[in-house]
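Colleague: So TrEMBL says this about it:
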BINDING   ASP34, ALA35, GLU36, TYR37, ASP38, SER83, LEU84, ASP114, ARG137, GLU171, LYS287, LYS311  NAD(+) binding site
ACT_SITE  LYS116  active site, N6-AMP-lysine intermediate
BINDING   CYS402, CYS405, CYS420, CYS425  Zn(2+) binding site
DOMAIN    582-658  domain 'BRCT'
Amino acid sequence: MNIKQAQERIKELITKIKEYNHHYYDLDNPIVSDAEYDKLYNELVDLENKFPELVTKDSPTQIIGGFAANKFTKFEHKKAMLSLSKAYDFDEIKKFHENIIKKIDETKISYALDYKIDGLSISLHYQNGKLIRAVTRGDGITGEDVTENIIQISSIPQKINYLKEIEIRGEVYISKKTLIDINNALKKENKQEFSNPRNAASGTLRQLDPTIVKQRNLSAFLYEVVEPLQHNLHFQSEVIEFINKLGFPTQTYFRKVTELEEIYEEIDKFAEVKNKLDYDCDGFVIKLNNIDIWEDLGYTAKFPRYAIAFKLETESANTKILNITTSVGRTGKITYVANVEPVELNQTNVQFATLHNYEFIKELNLNINDEVKLIKAGEIIPKVIELVKKNSTDVYPKTMNCPSCNTLLEYIDDNVDQFCVNENCDEKKIRKIIHFASRPSLNIVNLGESNIRIFFELGLIKEVYDIYNLAEHKNKILQLRTFKEKKVNNILESIENSKTNKLNKIIFALGIKHIGERASKIIAKKINSISELLTYDIDSLENESDFGTKSVESLKKWLSDKNNVNTINHLSKIFTFSSRTNSTKKLENLIFVITGTFELKREELKEIIEQNGGVVSSSVSNKTNYLLCGENAGSKKTKAEQLNIEIIDDKFLFNLIK
């Protein structure tokens with residue numbers, strides 16, 4: 001595309017997007033789906049990135065939101081009410097996470113999850129414990145003063161037990177039940193009904209007559225404190241607890257997670273609970289829990305970089321169950337899978353869908369020949385969510401034995417899942433070896449699942465450490481029909497390269513239950529080699545932030561198994577790890593604050609300072625000795641200059657510790 005074509009397309013996109021914004025923000029009547037809107041918006045972003053000279057001030061990419069209406073008094077927000085960038089699949093969530101860990105040590109990261117309520121954003125201002133103003137989002141810079149209408153919402157307190165000036169934000173919504181009542185009343189009066197709860201909430205809040213607002217029974221969820229650090233709130237989880245104690249309504253759903261897999265699991269459960277909620281919810285808000293580093297991550301013209309919205313634009317399809325099978329994973333967990341009549345879903349041909357566990361099958365009363373509804377949203381594997389038509393007479397019978405080794409299945413710790421507890425189960429062993437060699441673990445790129453299964457069948461690999469003896473069997477492998485010299489050499493080279501892996505990778509590769517990538521990094525900071533796991537005080541890990549009792553007990557149980565001890569003893573002879581950096585007292589009693597971007601990650605700089613006796617603070621004060629300043633420094637630099645704090649760069653820091 002040349003510049004002239006790009007200019008025409010950009011003009012066309014801006015016209016369309018502005019029209020859609022007008023319908024969404026000002027008329028409360030969206031005329032396209034969020035997915036279609038985002039597709040056009042992302043195309044505009046891409047074109048403007050390729051042709052930056054074509055970016056105009058009135059482009060939707062440079063404007064925060066819609067427009068502030070004229071019915072109410074306008075009020076300018078002290079801090080812009082930004083929207084969130086959106087993700088539609090797990091890859092986009094992973095990309096969001098990877099952008100964060102470029103600046104922050106992954107072991108320090110946790111995320112706050114809550115549902116994305118489809119309502120109208122509101123900002124509440126309190127002085128001396130009294131509600132003095134309520135403002136809609138408007139265009140993100142200027143909103144509408146709707147205080148009189150907000151007072152009609154009984155769940156929003158007009159007085160709070162907190163005298164400091166504070167601004168609290170959230171979402172006003174109408175429940176599904178209330179919407180039915182409102183539409184029934186409108187129908188009787190021959191008036192136009194609301195098409196969805198969001199339109200109803202937005203239209204109601206903009207009523208000039210507060211008595212109508214009171215009659216319509218609006219609700220609200222609050223979730224944000226503006227300038228939280230000024231109120232001594234350093235984590236989003238603390239924010240939710242704080243505003244809840246002040247008497248504000250908050251969502252009953254809130255999760256703090258430390259692993260990407262936990263986010264995926266929560267999203268995976270959502271389709272099953274969505275229809276049980278009495279309010280419209282179209283996804284999740286995923287927010288970095290540690291508020292201290294929000295400002296350091298910064299903002300785009302429209303979005304903060306510390307949060308993202310995951311939108312569930314789920315496509316569904318109906319099909320018939322042809323068969324139901326079970327599989328066993330590396331932990332022994334049994335998963336039920338439906339083999340279905342092929343159906344097109346999200347541009348892929350689907351023949352299999354997960355049924356999770358037997359409790360799920362029983363709850364939906366499923367069996368072979370039943371018609372079911374499938375969805376495939378962010379998750380890679382499609383799943384059954386609903387029984388459409390019951391063609392069978394009963395429910396599928398529970399599998400009682402492991403599909404691999406025939407061991408009687410068990411329930412563990414009140415878990416809804418069944419488990420194979422046989423540690424000699426072939427499929428469990430194969431799955432453990434596959435995990436050990438996978439990309440997130442040791443990334444033995446040329447080994448692969450199919451090769452692992454062949455080598456296991458031949459008895460060449462029975463335990464994970466047998467991988468490193470494959471070179472001894474090279475001649476035997478070369479006799480196999482599909483294994484030529486080049487292929488075998490590539491496999492052996494990948495295995496050899498994996499010996500230089502990081503300690504946290506080998507810990508994660510062991511596949512210990514509840515010990516994910518983040519927990520593995522925490523453990524790796526405490527020991528110098530894999531063999532030290534056998535003598536380390538595991539209970540002390542419970543003092544680590546976000547390293548809970550469940551993880552500690554799981555690790556202790558794993559280490560109590562003699563087969564696992566044998567595995568560590570074998571691996572310790574294969575892998576060598578460098579010791580942790582020795583500590584010094586060269587920065588003892590010195591307080592540092594870090595701002596801006598550096599070649600090293602911020603957490604790496606923090607670790608260097610702390611290893612040499614220094615202390616890293618999150619904010620500049622009279623007690624600060626040095627402001628370590630990188631590129632694109634923020635307000636901390638201005639404050640340091642005002643307080644005459646010495647401002648240094650990373651070279652100066654390294655000279656201090658020479």
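Every residue, even glycine, has its Cβ placed from backbone N, Cα and C.
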Colleague: Where does LYS287 (NAD(+) binding site) sit in DSSP terms: helix, strand, or coil?
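Modeller: Strand, per DSSP.
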Colleague: So which other residues, same chain and not among CYS402, CYS405, CYS420, CYS425, have a Cβ within 8 Å of the centroid of the Cβ atoms at the Zn(2+) site?
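Modeller: Nearby residues not in the site list: VAL328, GLY332, ASN401, PRO403, SER404, ASN406, THR407, ASN422, ASP426, GLU427, LYS428.
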Colleague: DSSP says what for the domain 'BRCT' (582-658): how many helix, strand, coil residues?
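Modeller: Going through the domain 'BRCT' (582-658) residue by residue, I get 25 helix, 17 strand, 35 coil.
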Colleague: These are the binding-site residues: CYS405, CYS420. Which one scores highest on other Cβ atoms within 10 Å?
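Modeller: Of the binding-site residues CYS405, CYS420, the highest Cβ count within 10 Å belongs to CYS420.
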Colleague: What kind of secondary structure is LYS116 (active site, N6-AMP-lysine intermediate) part of, going by DSSP in three states?
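Modeller: Note: LYS116 (active site, N6-AMP-lysine intermediate) is in a strand by DSSP.
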Colleague: Can you give me the Cα-Cα distance between ARG137 (NAD(+) binding site) and CYS405 (Zn(2+) binding site) in Å, rounded to a whole number?
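Modeller: With distance taken Cα to Cα, CYS405 (Zn(2+) binding site) is 59 Å from ARG137 (NAD(+) binding site).
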Colleague: Please identify, among the recorded positions LYS116, CYS405, CYS420, the one with the smallest Cα-Cα distance to LYS287 (NAD(+) binding site).
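Modeller: So, spelling it out, the nearest of the recorded positions is LYS116.
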Colleague: Quick check for the class: what is the C-alpha distance, in angstrom and rounded, between CYS405 (Zn(2+) binding site) and ASP38 (NAD(+) binding site)?
Modeller: 49
Colleague: Non-local Cβ contacts of ASP38 (NAD(+) binding site) (under 8 Å, 6 or more apart, same chain)?
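Modeller: Correct list: LYS86, TYR88, LYS311.
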Colleague: I'm trying to understand the geometry here, so how far is the Cα atom of CYS402 (Zn(2+) binding site) from the Cα atom of the residue listed as 'active site, N6-AMP-lysine intermediate', in Å to the nearest whole number?
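Modeller: One finds 40 Å between the Cα atoms of these residues.
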Colleague: Can you tell me the CA-to-CA distance separating GLU36 (NAD(+) binding site) and LYS116 (active site, N6-AMP-lysine intermediate), as a whole number of Å?
Modeller: 19
Colleague: Could you check the binding-site residues GLU36, CYS425 and say which one's CB has the fewest neighbouring CB atoms inside 10 Å?
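Modeller: So among GLU36, CYS425, the binding-site residues given, the one with the fewest Cβ atoms within 10 Å is GLU36.
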Colleague: Roughly how many angstrom lie between the C-alpha atoms of CYS425 (Zn(2+) binding site) and the residue listed as 'active site, N6-AMP-lysine intermediate'?
Modeller: 42
Colleague: Once near-sequence residues are set aside, which residues in the chain of LEU84 (NAD(+) binding site), 6 or more away, have Cβ atoms under 8 Å from its Cβ?
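Modeller: Correct list: VAL285, PHE303, PRO304, ALA307, ILE308, ALA309.
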